[in-house]
């Protein structure tokens, strides 16, 4: 099942978090539709900006939108003109005050969405798909990824029958919930049709969840500090507590042996 399901949804609450953080009762469907429209507005026409993900957080009067991008200068524009235009369009769409935060992706070579977008751009430019896939794999492994898998599906190389091919390097444990796996998907538009690009990047074991950390700390507090007693040291000449106890034990053993012999001799004499 781990091979088929989306890695982000499969690990919600374990290593990943929701990209939309809000609660609504009667307006739930309206907010979902609005979130889809916001993400479409930000990604359409901004392919060169390298947008990795868009996080949305809502309050009663305000909507906060965090845009993670590899090229923040393109999103901000000259003197912030592009950012002001985007903010105005979002406020017109939501009818609320919008707080727009543009965040830079520190390491785009191991961001799955950006890697998939880069491979798709090369396919649109008529670069050989195997060459584009291998180049993305080499860049990710050099940047510190523990493993990567890149898959292309469609009319590869202009073939009449569509097929899927993938290349993998390192480990990509899709069934391990604790594994920190990033997933990205992008479509390349070519003259032969669309080619889907999927990327899985394994970044290592994720740290413990907040619930696990709190449980471990509570168990440690309940156990309390444990005092370790130093073992008794034997002094030279037989002195010390350990030597006296051993002598007393040997004396008691000798007395018990003599008593047993005396009882046995008495029984034989009778």
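Note: Cβ is positioned from N, Cα and C throughout, glycine not excepted.
Taken from Swiss-Prot, the feature domain 'KH type-2' applies to 38-106, supported by sequence analysis. The region 'Disordered' feature in Swiss-Prot is assigned to 212-270. Summarising the annotation, Swiss-Prot assigns compositional bias 'Low complexity' to 216-225, 245-263.
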- Task: Taking helix as H, G and I and strand as E and B in DSSP, count the residues of the compositional bias 'Low complexity' (216-225) in helix, strand and coil.
- Result: 8 helix, 0 strand, 2 coil
- Task: Tell me the residue counts in helix, strand and coil for the domain 'KH type-2' (38-106), as DSSP assigns them.
- Result: 31 helix, 24 strand, 14 coil
